Amino acid sequence: MREAEAKLRERFPDAGYYRHNENRLYITVPRERVTEACRFLHLERAMRLAICTGIDTRAGYEMLYHFSDDANGGLYTLKVIAPKDDPRIESQASWFPSTDWIEREMTELMGIEFPGHPDMRPLLTSDTDWDPEEKPLRRDYQRRGDKHERG
Amino acid sequence: MSAANDKQRRIVPIGPYHPLQEEPEFFKLVVEGEKVVDIEIHLGYNHRGHEFISPELTYDQVPFLVERICGICSNSHPLAAVMAVEDICNLEIPERAKYLRVIVHELERIHSHLLWVGLAGHFIGYNTVWMWAWKYRDAVLDVFEMLVGNRNHYAMNKPGGVRHDLKPEMVGPIEAAMAEVEKKTWLLTKAVLDDPVIHARLEGVGILTHEQSLAYSCLGPTSRASGVPGDVRKDEPHAAYPYLDWNVITFPEGDVFAKAKVRLLEIIESVKMVRQCLKQIPDGPIEARVEEVPPGEGCGRTEAPRGEVFHYMRSDGTNRPLRHKVRAPSYMNIASNKVACVGGTIADAAITLAAVDPCYCCTERMAAFENGQQRYSWNELLRLSWEKTESIRRGMKK
């Protein structure tokens, strides 16, 4: 895991690194370099995408790409932050099928936009009675019939 | 798609309620004659909003919620969730708890794989395999009932350890059940490998190549049958797995037959692991105390019967997670049907779609009818279940 980290630091000196323990590395990359970082981890280091996570935080919408290095062990999490007034992150779906569904899911539940996604229909929410403007995983979301603030 | 082509193409819908798998998902097969040329997958009919509910619960309550995501892998989700909490705290659990986690986890794999073997037989019209595999599976459920008091939803894991201890008098019945399962699994394996009809139905059907498996990030038996040796139990050793002697089963072919072989042989490996655990398990406490969860983030992952279950949690220092992401293995595996199904025939589509072992709940146990009249009411079934648990307890005390 140390060797991969050294390669990452060499290639992405402008990223922020945080090692939580022996098997967990968190890398905050600038929004413009997310595709480059994903391609590096998946194609050059042969890592598997475990899943992506979107989080609504004060800093903006965070998108985490969890990559697992099955051959050498270790979990690498790429972190990209999109500001709330411009929640756009480049889509990876055209070259990386694993990200197809999760990008659709994060768009409908969190409202992060992925320009360049080939097929942005809702994945989980209903086609008939769900208002596409409702984003249930946002912190300011109010449940229907429940006007209490969350969190 | 040109207009001339359009005329020859038809859509065969499977779902939204799958007639065989009895679960809500919708496959639209685009066919030319008998041949499947494209597939469209619709999900979300059973979306229950766990990621929304979880941040409203405390860390102790979350395992009970995620346990109910699935009735079959109802140990994998809580295990991954508590491992995420332990990852945030950088907490090491007691040795005895590690072994207990493996015992329940491997028992779950055995019953889940037997369940799939039965269903696979059912899908290709081989109902004898279905009935027999499910009969053999029942022995494992009896072990669960003895161990934790429930046949599904074991409530085994908590942040810092496990809830139920293994009593010395339980070892004998578990070993007896394992001997039975091993014997019957070999019988099933040999029957499957020798049967020319099963060869004809499964060999070369629904092939997922090595490259496709990597591109779709497939997991578990689905990827191991395509020659990808990924298994979280080996790749990220957790619980008692590093102390045990076992093999990762892989086959290079990528067809449904290979997937069946992987699952059958994995049952044997799991039996091996349970036996080693029963021999090696040390005495000691079964839980470490979690005083508080510091702010931070953690990932928990474990190998469910269908592949890696992944949980991500972020803590802000309160007693509830700020965000809890859950990814079940079928989420990645079902997407690969796009490539596995195309090129085959409609008749093969049913088993190909089922070959990734998509997950659904089986919480209702039975309803008995006689001459058109329901024989037992819900309460009577419940009473039967209690009586059975009681008789197992009495049998143990002897």
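The backbone N, Cα and C atoms fix where each Cβ goes, glycine too.
Shown in sequence order, B:His50, B:Glu51, B:Ser54, B:Val66, B:Ile69, B:His77, B:Ala81, B:Phe310, B:His311 are the residues of the chain, 6+ apart in sequence, with a C-beta less than 8 angstroms from the C-beta of B:Val326 (Mg(2+) binding site). TrEMBL lists B:Glu51, B:Val326 with the feature Mg(2+) binding site.
DSSP assigns B:Cys70 (Ni(2+) binding site) to coil in the three-state reduction, outside any helix or strand. Under the heading Ni(2+) binding site, TrEMBL lists B:Cys70, B:Cys73, B:Cys359.
Sequence annotations record features per position, and here TrEMBL assigns Fe cation binding site to B:Cys73, B:Cys362.
Under the heading domain 'NADH-quinone oxidoreductase subunit D', TrEMBL lists B:124-290 (among others).
Marked as domain 'NADH-quinone oxidoreductase subunit D' by TrEMBL: B:292-365 (among others). Secondary structure of the domain 'NADH-quinone oxidoreductase subunit D' (B:292-365), assigned with DSSP and counted as helix (H, G, I), strand (E, B) and coil, comes to 21 helix, 26 strand, 27 coil.
By a Cβ separation below 8 angstroms, chain A lies close to these of the binding-site residues B:Glu51, B:Cys70, B:Cys73: B:Glu51. Taken together, the residues of the domain 'NADH-quinone oxidoreductase subunit D' (B:124-290) have an average pLDDT of 92.
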